[in-house]
C-alpha cells in the first residue's frame with residue numbers, strides 16, 4: 001500500500017507553528033530548570049560530566065561529552081543548571097519533532113499541535129525537561145529516529161536511511177532502550193518492505209560505516225578512563241571493562257538494576273503501574289483518541305500501523321521484563337521516568353486520533369450541510385477549545401508542584417549533613433544511591449570537604465580499584481597482600497591499615513566486618529575493638545548535637561509536594577533516626593528512643609521498617625494497646641500487603657491479650673505466606 005502523504009506545509013504559518021510551539025516549551029522548560037540536582041542519578045551524572053568521567057553502565061558517553069562541554073563553557077548559573085540545558089532543549093526539540101511526525105502522517109496542523117502540546121505538558125516529560133538527567137536526550141533520539149524512518153519509507157531516498165544508520169549508532173551511545181525502537185524498525189522492514197531492504201544491498205558498507213561512526217562516540221569512555229577520573233565505572237580503558245560497560249554486565253541488559261523484582265507478580269505490577277499512570281497522566285479522552293488513532297492507521301496506513309503496533313508491544317514487554325520493584329515511592333519514581341518514551345507514541349497516536357475524528361466529522365458535515373447550517377470551522381474551534389481546556393487543566397495541575405523544584409537544594413543539604421557527620425580527614429564510604437549521588441555533586445562539583453577521602457568499600461573487590469585509589473587518594477593506605485583475599489578479609493585489612501590515622505565512616509553497619517560500627521549523625525563510625533569505642537554518654541551527646549544541626553527535609557519542596565523520587569530523602573533521614581533510636585535502646589534510654597522513632601514515622605510513615613522496632617519497644621513496655629494502634633496507623637500508610645500482615649503477625653505472637661482481636665490478620669498472614677510467588681528460574 002502506498003503510504004505517501006507528503007505535501008508541503010501550507011504557508012508561512014504552517015512552517016512557523018511547530019517552531020513557535022517548540023520555542024514556547026523551550027522558554028517554559030529553561031525558565032524552570034533546577035539550579036541544583038534532582039533525586040536519582042542526577043548528582044552522579046552532573047559530577048561525572050563535569051569531571052570528564054564515565055557514568056554508571058552503559059556509561060552515556062555522548063551525554064557525558066556534551067555535558068562536559070556545556071558545564072565548562074556556559075559562563076553563567078550553576079553547574080547543575082548548565083547540565084540541565086541538555087534536558088530542557090532536547091525535550092523542547094522533541095516536541096518539535098513530534099509535531100513534524102504527526103503532521104507527516106496526518107497533514108493536519110491541528111492534530112499535530114494537539115499531540116505535541118499534550119506530550120510537552122505531561123508530568124514526567126515536563127519534570128525531566130527541568131532536571132539534569134538522560135531522558136530528555138533519549139526522548140529526542142527516539143523521535144528523530146521515528147521521523148527519519150518514516151521519511152525514508154515515504155521517499156525511498158537512501159540518504160534518509162544513511163541518516164537513520166548514523167542516528168542509530170549515535171543513540172546507542174546514549175541509552176540502550178533505543179534497541180527496542182531499532183528492533184521495531186527491523187521487524188517492520190522485514191515483514192512489510194523486503195524489497196526496500198534489498199535495494200540497500202549495494203550500500204551495506206556505507207550503512208555500516210555510518211552506524212559505527214555514530215557508535216564511535218563510545219570511545220570517549222576508554223579515553224577518559226585511561227587517566228583514572230573520579231568516576232570510572234568498569235574501568236573501560238581495559239577491553240574487558242569496556243565490554244562490561246557497553247553490555248551493562250553489572251546490572252543486566254534491559255534490567256532495572258541488579259535488585260529488580262523477579263517474580264511474575266513484580267513483573268505484572270510493572271504493567272499495571274504503567275496503565276494506571278497512563279490513565280492518570282493522559283486522561284480517558286486521550287486514551288480513547290489513542291485507540292481511534294491506532295484503528296485509523298490500521299484502516300488507512302497499514303505500514304505505519306504495523307510499525308507502531310510492534311513498537312508498543314516491545315515497550316510493554318520491556319516493562320514486564322525489566323522487573324522494576326514497585327514497593328516504594330522511590331521505586332515508582334524510578335519506573336515513571338521510563339514512561340516518557342511510551343508517552344511519545346501515545347501522544348503521537350492521540351494526534352492521529354484527532355485527525356481521524358476530524359476526518360469523520362468533516363465527512364458527516366459534508367453529507368449533512370443543508371440540515372446543519374454550521375460552518376465546519378466552528379466544529380474545529382470546539383475541538384480546539386476542548387483540547388485547550390485540557391491543556392490548561394494539565395498546566396494548573398503540574399506547574400505548582402514542578403516550580404517548587406526550581407530553587408530546591410534539598411539534596412545539597414543532605415550532602416552537607418553527611419559531611420557534618422564526618423570528622424576532619426575521614427574516609428567516607430556511601431552505598432545508598434540517594435546519599436552517594438548527592439555527595440558526588442557536592443564533593444566533586446561544589447568542592448566541599450576536600451579533606452575527606454570519598455570512596456566505595458565494595459569497589460575494592462574490583463582489580464582496577466586499588467589503582468584508582470592510589471591515583472586519586474595517594475595518602476590512603478592500600479594494603480598489599482601476597483595472595484588474593486576474599487572481599488571480607490581484604491576490607492578488614494583495609495580498615496585496620498587506615499585506623500586510627502583516619503576516621504572511617506560508612507552509612508551502614510558492614511556485616512562483612514565482624515567489628516564495631518557506632519552511630520555518628522547520618523553515618524556509622526568504625527572501631528576495631530570495644531576498648532576503642534568512646535563512652536556511651538559521649539556518643540549519644542555527640543549524636544544529639546549533630547542532629548540539631550541537620551536540615552528538616554520538609555523545609556524544602558517536600559514540605560509542599562512529595563515528588564516520588566525526592567521522597568527517598570525522607571526515607572534516608574527516617575532510617576538514620578531509627579539507627580539513633582536503636583542506640584538509645586541499647587543504652588536503656590527508652591524515652592529518647594521513642595522520640596526518635598516518632599520522628600522517623602513523621603518523616604516516612606509508609607515504610608514498614610519504622611514501625612517494627614517501635615511496636616517491639618511498646619510491647620516490651622507492656623503497652624500492647626498502643627502497639628496495636630501503631631499497627632493500625634502503619635496499615636494506613638504501608639503499600640505492601642506482606643509488610644502489613646507481617647506487622648500484625650509480630651504483634652500476634654508477642655501480645656497474647658490481642659490474639660483474639662488479631663485472628664483474622666494472622667490468618668491473612670498465613671495465607672499470604674502460602675501463596676507467596678516463586679521467582680522465575
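The backbone N, Cα and C atoms fix where each Cβ goes, and this holds for glycine too.
Those TrEMBL annotations? Automatic predictions, nothing curated.
Under the heading transmembrane segment, TrEMBL lists 12-32 (among others).
The transmembrane segment annotation in TrEMBL covers 79-99 (among others).
The feature transmembrane segment is assigned by TrEMBL to 111-129 (among others).
According to TrEMBL, the feature transmembrane segment maps to 135-153 (among others).
Annotation comment: TrEMBL describes 160-191 (among others) as transmembrane segment.
Sequence-remote contacts of a segment are chain residues at least 6 beyond its ends whose Cβ falls under 8 Å from one of its Cβ atoms, and for the transmembrane segment (203-221) they are 54, 59, 61-62, 64-65, 158, 161-162, 165-173, 236, 242, 245-246. Here TrEMBL flags 203-221 (among others) as transmembrane segment.
Positions annotated as transmembrane segment by TrEMBL: 277-297 (among others).
The transmembrane segment annotation in TrEMBL covers 303-326 (among others).
What TrEMBL records for 338-361 (among others) is transmembrane segment. Away from its own ends, the transmembrane segment (338-361) comes close to residues 94, 98, 101-102, 105-106, 108, 110-112, 114-116, 118-119, 122, 124-125, 128, 135, 138-139, 142-143, 146, 177, 274, 277-278, 281-282, 286-297, 308, 311-312, 315, 318-319, 322, 324, 376, 379-380, 383, 387 of its chain (Cβ-Cβ under 8 Å, at least six residues beyond either end).
Positions annotated as transmembrane segment by TrEMBL: 373-392 (among others).
Beyond the ends of the repeat 'TPR' (574-607), by six or more residues, the same chain brings 328-329, 507, 518-519, 521-522, 524, 536, 539-540, 543, 547, 553-554, 567, 613-614, 617, 621, 633-634, 637-639 to within a C-beta distance below 8 angstroms of the stretch. Per TrEMBL, the feature repeat 'TPR' maps to 574-607.
Under the criterion of 3 or more C-beta pairs below 8 Å, with sequence separation of 6 or more, the transmembrane segment (277-297) and the transmembrane segment (303-326) qualify as touching. For the transmembrane segment (135-153), the partner stretch with the highest count of Cβ pairs under 8 angstroms, out of 12-32, 79-99, 160-191, 303-326, is 160-191. Of the Cβ pairs linking the transmembrane segment (12-32) with the transmembrane segment (111-129) and spaced 6 or more residues apart, 3 or more are under 8 Å, so the two regions touch. The list of residues near the transmembrane segment (111-129) in space but at least 6 beyond its ends in sequence, with Cβ under 8 angstroms from a Cβ of it, reads 17-18, 21, 25, 29, 87-88, 90-92, 94-96, 98-100, 102-103, 135-136, 139, 281-282, 286, 336-337, 339-340, 343-344, 347-348, 350-352, 354-355, 358, 384, 387, 390-391, 394-395, 397-398, 402, 405, 563. The residues of the repeat 'TPR' (574-607), classed with DSSP into helix (H, G, I), strand (E, B) and coil, number 27 helix, 0 strand, 7 coil.
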